[in-house]
Amino acid sequence: MDALNQTRVIEFVSLGLTENWVLEVLFSVAFSITYILTLLGNTLIIVTIVFSLRLHTPMYFFLMNLSFIDICHSSVTVPKMLEGLLLERKTISFDNCITQLFFLHLFACAEIFLLTIMCDEHQVCVQLVFALWLGATVHSLVQTFLTIHLPYCGPNIIDSYFCDVPPVIKLACTDTYFTGMLIVSNSGTVSLTCFLALVTSYTVILVSLRKQSAEGCRKALSTCSAHFIVVGFFFGPCIFLYTRADTNFSMDKVVSVFYTVVTPQLNPLIYTLRNEEVKSVIKICN
């Protein structure tokens, strides 16, 4: 027991996304391109909205914040993942692992809350954005505390390409069933509750469309379908990964790619660059 108390893991070794070097090269190229497009596309959205008075409306204020969150969210995991794809030994210090875990949940939870409030019209934008960041910070602090208070004294091989709560707590030198249940009650409840709230909002919107004109219905359906595609790609993996206490599947890594790599690129592709008003502003600026 004394030996365990004196031993503490100082770094973790990641198994990465795959052990096939050919796939590692292909993934590094594909994800590098995706990450660059994510940065450029979302930065373009932010700059366009900030400098165009025509776009200073609640909807575009939320879209600007979504772009900022997407840049931060992808930057938490993708650069380290790309480094791991190019290196034979994939390591991360304990402190950096916990830091990555904290910011991963901070930006992921912020995006969950933002996607939820974007479904309705709001005028108190600044207050809502402040509230979502406060809620995301509390959520992330809880996840980090539940992880960091555990003893890590033995195995240090993470079966993932980034530090997240489920794969990290598996390495703790103690029974983590109760901790796992607390994590599920936090992350799982947040993801599932917000998703159900969105489904309810969409249902109300679809029912109300019966009173709209054909053109109004078309525009509303176009906006809702775009929103729901992003919601599906983001909430689906979150619900799949964080509503299980102590069960792991071989496809967990693939599912994680969707909300850490793919979804941040969907914002400029689906939400904004297909929007005629935004495209007209971009053309004027060019």
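Note that Cβ sites are derived from N, Cα and C of the backbone, with glycine treated the same way.
Curation does not apply to TrEMBL; its annotations are automatic.
The transmembrane segment annotation in TrEMBL covers 25-53 (among others). Taking Cβ pairs closer than 8 Å, the transmembrane segment (25-53) reaches residues 17-18, 60-61, 63-64, 67-68, 70-71, 74-75, 78-79, 81-82, 85-86, 261-262, 264-265, 267-269, 272-273, 278, 281-282, 285 in its own chain, all 6 or more past its ends.
Summarising the annotation, TrEMBL assigns domain 'G-protein coupled receptors family 1 profile' to 41-271.
Taken from TrEMBL, the feature transmembrane segment covers 60-78 (among others).
Taken from TrEMBL, the feature transmembrane segment applies to 98-117 (among others). Tertiary proximity for the transmembrane segment (98-117) is limited to same-chain residues at least six positions away from its ends with a CB under 8 Å from its CB atoms, namely 62, 65-66, 69-70, 72-73, 76-77, 80, 92, 128-129, 131-133, 135-137, 139-141, 143-144, 147-148, 162-165, 168, 187, 190-191, 194, 197-198, 227, 230-231, 234-235, 238, 259-260.
Within its own chain, the transmembrane segment (124-142) has Cβ neighbours under 8 Å at 58, 61-62, 65, 102-103, 105-107, 109-110, 113-114, 117, 186-187, 190, counting only residues six or more beyond its boundaries. What TrEMBL records for 124-142 (among others) is transmembrane segment.
Under the heading transmembrane segment, TrEMBL lists 190-209 (among others).
What TrEMBL lists as transmembrane segment is 221-242 (among others).
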Could you give the residue numbers and ranges of same-chain residues that sit at least 6 residues beyond the transmembrane segment (221-242) on either side and whose C-beta is under 8 angstroms from one of its C-beta atoms?
108, 111-112, 115, 118-119, 164, 166, 183-184, 187-188, 191-192, 194-195, 198, 202, 205-206, 209, 252, 255-256, 258-259, 262-263, 266-267, 270-271, 274
